[in-house]
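Have a look at the structure below, then the notes.
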Amino acid sequence: MQYSKNLGVHLKRIFEEKFTKTPQFVFSPGRINLIGEHTDYNDGFVMPAAIDKGIYIAFAKNENNRIRLFSYDFDETVEVELKKLEAVSTGWANYILGVVNEIQKIKPLSSGFDMVFGGDIPIGSGLSSSAALECGVGVALNNLFNVKLQKIQIARIGQAAEHNFVGVRCGIMDQFASIMGKKNHTIQLDCRSLEYEYFPSNFEEYQILLCNSKVKHSLAESSYNQRREECEKGVQILKEKYPLIESLRDVTLEMLDILRHRLSNTLYNRCSYIIEENQRVVEASKLLKQNKLKQLGALLFESHQGLSKKYEVSCEELDFLVDLVKNNSAVLGSRMMGGGFGGCTINLVERSAKENLVKELTREYDKKYNIALECYEVELENGTHLINHEFYGSI
Ligand code: GAF
């Protein structure tokens, strides 16, 4: 992949100025998700992939038992004592400190460390810069302190950091995709067993196009936890008749319908969306294997409809972007991606039509919301990995 060389040069220079030593580097990618939204914390299926945009971290040990962090993007410094680890008021630092906290439960760190990081993932775009940061920090500390963690353990650590230090009860999808990504492949992941399969995904005459709505509505985090609670509530009620079920993964639409009278309309809609979305992922992986991209695209539109109307995690701007391409023959499918309430749509579009499509969407979105739409083409990439620092040194 093409690393962001300019960013690397800046990070290295800043690190050397601040800490007067040469750092090691790690790159940790953001992710897309083809289909399977909000299914991860319901023990279901997802189809994410790591991308060529991500977080770059320069890091080294220090001798003073402090954790010294600098965010290039926010131009902020945070310093804490290794022995007094707790969540801080600077949001981004908690993704890092949360990972340290989880790793210390396995092996206490023998010294402090320094980190300077920055990224080329547009902030708030729903491409999961937070999971990228967590996995990057996990790999960096694993390497520095010889903790001997497996990749999947690092993904789990990232998820736990988010639960315990950030306060978002996320599923495992983002961290898994960031660390386990494979070039030109999507991952079909069973979020219960963590069994996974890589699918070659170059889509031939089609490509993935992300459209960044550039909005991030304030409900995003609180509503995320609320949706999770609603699913858990649904499971509790269903358990009265079906004691063996553990999550919505184990429930069929028929079972749900039998207990419809026990569920509010909202709970019914939340649960039926999850059950249907799980079925869509299973179907999508068959279609992808058979290269039936048109049918796959239709599933993306269905997924969006469910996310918007039943799960209610979309927003006006995302709905607008999906509606705009619905009747465009060059677009096979489109839907909101990630947690929702803003961020990007993911679109499967004909390569040859991409340029005109971007022009049209940009024009219409600007007319309606007076916001300059940003569209990205992404390559599917390998997961979190160390980069030879000579690479930056040589520019
Ligand atoms: C966010 C979460 F972090 C993921 O775990 C997942 O639930 C996703 O929203 C929705 O599919 O990115």
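Just so it is clear, glycine is given a Cβ too, placed from its N, Cα and C backbone atoms.
What TrEMBL records for the substrate site is Glu37, His38, Thr39, Asp40, and among Tyr206, Tyr224, Tyr242, Tyr268 the residue it adds there is Tyr224. Looking only at other Cβ atoms within 10 Å, the busiest spot among the binding-site residues Thr39, Ser71, Ser125 turns out to be Thr39. Cα of Gly124 (ATP binding site) to Cα of His38 (substrate binding site): a distance of 18 Å. Just so you know, of the recorded positions Glu162, Asp174, the Cβ with the fewest other Cβ atoms around it within 10 Å is the one at Glu162. The 6 Å Cβ screen around ligand 1 retains Glu37 from the binding-site residues Glu37, Ser71, Ser125, Gly126, Leu127, Ser129, ordered by sequence position.
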